[in-house]
Amino acid sequence: MVNMKASMFLTFAGLVLLFVVCYASESEEKEFPKEMLSSIFAVDNDFKQEERDCAGYMRECKEKLCCNGYVCSSRWKWCVLPAPWRR
């Protein structure tokens, strides 16, 4: 008797494989891996970081001061959220 989890996993893996094969056959003229990776990791200009006078969360705070609501960690020199033991 086949375990239900194993059969669901195989079904899901089969569907994923079918999707990849269908997509590859439709886009033969494209460079498949490069196109797929570029669409997954596409960076929009709206999401790029702006240059600030202060450092945000998990940013280095050696030269810059941390933005409002963050404190500079004395151990790691990153801007972190304030906690009772960091005051």
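Sequential numbering from 1, following the chain as shown.
Backbone N, Cα and C atoms are what each Cβ position is placed from, and that goes for glycine too.
Here C54 is paired by Swiss-Prot through a disulfide bond, and of C61, C67 its partner is C67.
Among the disulfide-bonded residues listed here, namely C61, C66, C72, C79, C66 has its C-alpha nearest to that of C54 (disulfide bond). C66 (disulfide bond) and C72 (disulfide bond) have their C-alpha atoms 6 Å apart, to the nearest angstrom. All protein chains considered, the CB of C79 (disulfide bond) has 22 other CB atoms within 10 Å. Comparing local CB density within 10 A for the disulfide-bonded residues C54, C66, C67, the maximum falls on C66.
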